[in-house]
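As recorded in Swiss-Prot, the features of this protein are as follows:
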BINDING   T152, K179, T190, E277, N401, S406  substrate binding site
ACT_SITE  T190  active site, nucleophile
Amino acid sequence: MAVNLTEKTAEQLPDIDGIALYTAQAGVKKPGHTDLTLIAVAAGSTVGAVFTTNRFCAAPVHIAKSHLFDEDGVRALVINTGNANAGTGAQGRIDALAVCAAAARQIGCKPNQVLPFSTGVILEPLPADKIIAALPKMQPAFWNEAARAIMTTDTVPKAASREGKVGDKHTVRATGIAKGSGMIHPNMATMLGFIATDAKVSQPVLQLMTQEIADETFNTITVDGDTSTNDSFVIIATGKNSQSEIDNIADPRYAQLKELLCSLALELAQAIVRDGEGATKFITVRVENAKTRDEARQAAYAVARSPLVKTAFFASDPNLGRLLAAIGYAGVADLDTDLVEMYLDDILVAEHGGRAASYTEAQGQAVMSKAEITVRIKLHRGQAAATVYTCDLSHGYVSINADYRS
């Protein structure tokens, strides 16, 4: 049950010049499901990417990392669902390379110009033969179809677009898709995200921008505290809008383009939380007046990933001592609890180390019954702030994950 999230139509997701999309049914996920996607990238495009921090990262992550900075440039991304190709050892890498070679033959490039991505069950061999057999059968697709093809336990395809001025003369377009519903936690999580723009950006600058955007968007979400083996976020810049290249972060267009792409990426990241496994509520946790952003994030994550907090939200139960407890164990050094203020939406709940005199249980109940809730925490020890996004923890989460392989 997604929280205020609906599927985008093809008309809402404009094509990006220099990008071609293809999908097919490879039979990796389940019979009758479209589970293979190819994103063909025009020659001369640049690509930035960031990947999971999980030490058991999947075979395609290893291969994509090694191909990303190849001097020949990236010409294609190939994505399968239904199998993560993680925990598959040397054979997993052989299989990922075989898929790259087959995709390269299909579009006429070198295997090292293909980035592979997989998502699905871990510790199962990749049926590379099925993927290779399906590649010649791929059909042209729209962005909304590609968004559906990369889903696993998602209930709604996730896609978004932006258009805006970058520089004085040029309008930039960007469209992106993402997947993810469970095993979601900062530092990328099983989440895949792909954004394409017609802006022209040098590879080193695009790589830095990709890292910054990931940190400000996908690394601010948590569903269940688990970090996947396959997380990947990619930005493709085709350079087809005739603007001159952005090759320096001091270029004013860098900040303009980053703001546009950050807005798109944040919509995709929030969509993952809204479609969190079993989610019935979307929760924003904002910590203000911290000494540093890291400290603010530390406190926000403690609240956002607490099972006790998340189940209280599911039950619409204003058992708000759970939130105070999470702030207390967040590890904020020398925290003066007498200075902390906590709000549910605009309702002051706690101050001076205890319950606010003005707060009533009825007020808390009214807020906790909403589908979207904001928790605001003021530490009163500095000027830094951070926001993270999470969802509640329901019976549905347990059922989805208990039945995942059945």
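The backbone N, Cα and C atoms fix where each Cβ goes, and this holds for glycine too.
Feature map: annotations from Swiss-Prot on the structure.
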residue	record	Cβ neighbours (10 Å)
T152	substrate binding site	20
K179	substrate binding site	27
E277	substrate binding site	25
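Classification of T152 (substrate binding site) by DSSP places it in coil, neither helical nor stranded.
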